[in-house]
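K.L.:
Take this structure first; my questions come after.
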Amino acid sequence: GVGLRKQGVDTHPKRVSVFFTMILIFIYLFYCLTGYCDSIKEKRQRGLAYDTYSNLSVSNNFGTKEFPRAIIIGVKKGGTRALLEFLRVHPDVRAVGAEPHFFDRFYEKGLQWYRNLMPRTLDGQITMEKTPSYFITREAPPRVFSMSRSTKLIVVVRDPVTRAVSDYTQTLTKSPGLPSFQNLVFKNSTTGLIDTSWSAVRIGIYAKHLENWLRYFPLAQLLFVSGEKLVTDPAGEMGRVQDFLGLKRVVTNKHFYFNQTKGFPCLKKPEGSSRPRCLGKSKGRPHPHIPAEVLHRLRDFYRPFNMKFYQMTGQDFGWD
């Protein structure tokens with residue numbers, strides 16, 4: 001009996017220690033199988049990585065968000081979307097896709113909000129945006145000036161008569177119940193007095209809007225792109241734009257082909273895309289028929305403003 005008790009005393013601690021060792025091994029295996037060990041290892045590595053890279057700013061890895069160095073400020077239905085799409089082919093141009101409307105609608109959101117909308121750029125690249133309503137917004141020039149007085153401004157202009165019809169056509173697709181063009185264009189159809197309060201007419205008085213911009217920016221900081229030439233000679237106009245922006249002439253004739261159906265140039269197959277890039281369905285809509293007499297009166301109305309605009313810009317756009 002004593003021998004057995006001795007045996008019990010001798011063997012019991014061994015059994016206990018073996019039992020505990022097995023439990024520990026089991027717990028360790030369980031945690032490793034559920035991925036806990038790896039996560040500890042990963043955290044340790046991540047900690048080291050964080051210590052290594054914490055001194056590097058995000059900007060070094062991915063570029064920085066900058067205020068635009070150049071803005072396409074106008075005009076609506078002038079060809080601004082085409083110009084932006086053509087410019088985006090250039091590797092040194094980074095542009096916001098949507099129109100930010102910061103200097104006319106969202107100015108109270110502040111400059112940091114605006115900068116945050118911008119794409120990241122690397123050294124040597126320029127940031128751009130386009131919002132065609134800036135050109136006719138009275139508050140826009142001082143606001144852009146207070147952001148940066150060296151901002152380059154691009155205005156795509158087009159025959160104001162054709163532009164007004166194009167503007168009306170766009171509105172008509174959104175509101176089919178719209179009165180006729182001639183009903184809207186005249187204050188009084190008998191006297192033929194043009195209604196300048198109608199935005200489709202007002203936008204085309206380019207000289208008046210340009211005066212606002214020239215109070216803040218020298219003429220040398222503005223480039224006037226012909227909406228007509230952007231269609232008939234896209235490479236030529238793009239050459240002028242690239243020179244103005246201080247970019248290498250990368251976008252050339254080889255990038256364009258003329259789409260007979262749409263009636264304007266499209267970009268040939270862009271990098272990494274299987275088909276050519278043309279502007280959306282909303283571009284190049286057929287215009288409604290407008291009596292020749294109405295267009296003639298509108299042309300007479302615009303003539304003195306066009307002449308003044310040619311004088312101010314030193315460019316004859318040949319609209320008359």
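Positions of Cβ are set from backbone N, Cα and C atoms, glycine also.
When I checked TrEMBL for this same protein, it listed these features:
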type	residues	note
ACT_SITE	K77	active site, for sulfotransferase activity
BINDING	K77, G78, G79, T80, R81, R158, S166, K283, G284, R285, P286, H287	3'-phosphoadenylyl sulfate binding site
DISULFID	C266-C278	disulfide bond
DOMAIN	69-303	domain 'Sulfotransferase'
TRANSMEM	16-36	transmembrane segment
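Could you tell me the structural context for the features on the list?
P.N.:
In sequence order, R158, R163, S166, D167, Q170 are the residues of the chain that are 6 or more apart from K77 (active site, for sulfotransferase activity) and have a CB within less than 8 Å of its CB.
Annotation for P286 (3'-phosphoadenylyl sulfate binding site): spatial neighbours T169, criterion Cβ-Cβ under 8 Å with sequence separation of six or more.
Residue density at C278 (disulfide bond): 18 other Cβ atoms are found within 10 A of its Cβ, drawing on all protein chains shown.
Mean pLDDT, taken over the domain 'Sulfotransferase' (69-303), works out to 94 on the 0 to 100 scale.
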K.L.:
Just to verify a number: CA distance, R81 (3'-phosphoadenylyl sulfate binding site) to C266 (disulfide bond), in angstrom, no decimals.
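P.N.:
Taking the Cα atoms only, R81 (3'-phosphoadenylyl sulfate binding site) lies 12 Å from C266 (disulfide bond).
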K.L.:
10 Å Cβ neighbour count around C266 (disulfide bond)?
P.N.:
18
K.L.:
So of G79, R81, S166, which of the binding-site residues has the fewest other Cβ atoms within 10 Å around its own Cβ?
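P.N.:
Selected from the binding-site residues G79, R81, S166 on minimum Cβ neighbours within 10 Å: R81.
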